[in-house]
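Q: Okay, handing you the structure first.
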Amino acid sequence: MNQVYNFSSGPAMLPVEVLRRAEQELCNWHGIGTSIMEISHRGKEFIAVAKEAENDLRDLLSVPENYKVLFCHGGARGQFAAIPMNLLGDKVKADYIDGGYWAACAVKEAKKYCTPNVINIKTEINGLKSVKPMREWSLSDDAAYVHYCPNETIDGIAIHEQPDFSDNKIIIADYSSSILSGPLDVSRYGMIYAGAQKNIGPAGITLVIVREDLLGKARKETPSIFDYAVLAENDSMFNTPPTFAWYLSGLVFKWLKEQGGVQEMAKRNRAKAELLYDVIDKSDFYRNQVAPENRSLMNVPFQMVDASLDSKFLAEADAQGLQALKGHRVSGGMRASIYNAMSIEGVQALVDFMADFERRNG
């Protein structure tokens with residue numbers, strides 16, 4: 001079988017080393033005669049797995065001691081509801097930064113629980129999609145928190161700035177598609193959350209990193225399974241957690257540390273993205289519609305000037321082992337998601353195919 005490279009936006013590819021280790025351990029984990037999927041989440045074996053995963057994540061992101069790390073159910077969409085239920089307190093309004101599709105989804109859910117002050121930061125630079133810099137965000141004085149999404153997967157738009165607002169601003173960020181892709185100053189945020197299925201592990205588990213002083217403020221009607229204080233008190237095991245996803249995420253954390261950590265990931269991810277954007281920018285056949293300063297390093301959408309060739313491109317790419325390149329239904333075209341597990345060799349294979357396709361069809 002030819003080498004396959006999976007450019008899916010999520011669930012995304014996992015490091016092959018992680019998959020091989022999971023395969024080796026699947027039926028007989030650490031010699032106990034059963035699978036990790038079959039053991040009790042309250043047994044000493046799994047508790048050790050869970051704690052090790054948390055410790056490795058804390059090391060990777062240098063998570064301060066006054067932050068809780070939670071492994072939750074419900075995905076990022078679950079957090080769209082959990083955030084206002086937990087963090088609104090006695091206020092009625094929260095600032096929501098609208099930079100794209102997923103930010104808008106968060107707003108839609110938040111409207112059930114609070115009054116979102118929607119701050120539209122979408123703009124254009126020389127006809128290319130962009131977002132306003134943080135210094136131009138018109139934040140409210142009376143908002144409970146500020147919510148934003150640093151990386152919009154569909155349009156491939158990224159906010160590369162780290163927040164630097166006044167100390168009384170509680171910043172909440174949806175890092176689902178860019179967590180662990182580079183260094184991150186957790187202390188600048190009140191809370192960070194991320195669905196696992198892009199840069200952490202398989203679908204089914206959600207990471208929440210929340211500052212301790214924000215716990216215990218949930219509305220009384222908040223379901224216990226979404227109450228951060230309840231989850232923290234029970235070490236994310238208020239009910240049976242998604243144990244296999246937790247275990248696999250822990251293997252990914254170990255792999256990241258073995259590779260050199262998030263600093264090394266940042267170098268690799270920039271190199272991969274530059275390789276792909278360079279081919280697009282030098283071509284009259286392909287185009288990317290995002291301003292260079294806001295281009296995502298994780299999700300690279302591109303279109304062909306002749307959109308009638310899209311189906312042919314996708315079919316031929318798939319036949320060569322370049323999978324899941326179809327763009328989101330909202331934006332069309334193509335999209336290459338190049339998360340941590342994607343190798344530079346995979347991106348090189350894609351750009352080689354793109355150059356060949358242009359020669360034959362341009």
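Cβ coordinates come from backbone N, Cα and C, glycine included.
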Q: Of the residues GLN197, GLN259, GLN263, only one is listed by Swiss-Prot in the pyridoxal 5'-phosphate site with ALA76, ARG77, TRP102, THR153, ASP174, ASN239, THR240. Which is it?
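A: Swiss-Prot names GLN197 for this pyridoxal 5'-phosphate site.
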Q: Minimum Cβ neighbour count within 10 Å among the binding-site residues THR153, THR240: which residue?
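A: Comparing Cβ neighbours within 10 Å for the binding-site residues THR153, THR240, THR240 has the fewest.
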Q: Please determine which of the recorded positions listed here (ARG42, ARG77, LYS198) has the lowest count of neighbouring CB atoms within 10 Å.
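A: Output over recorded positions ARG42, ARG77, LYS198: least Cβ neighbours within 10 Å is ARG42.
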Q: Of all the Cα pairs drawn from ALA76, ARG77, TRP102, THR153, ASP174, GLN197, ASN239, THR240, the residues the record ties to pyridoxal 5'-phosphate, which distance is largest, in Å?
A: 31
Q: Please report how many Å separate the Cα atom of THR240 (pyridoxal 5'-phosphate binding site) from that of SER9 (L-glutamate binding site), as a whole number.
A: 28
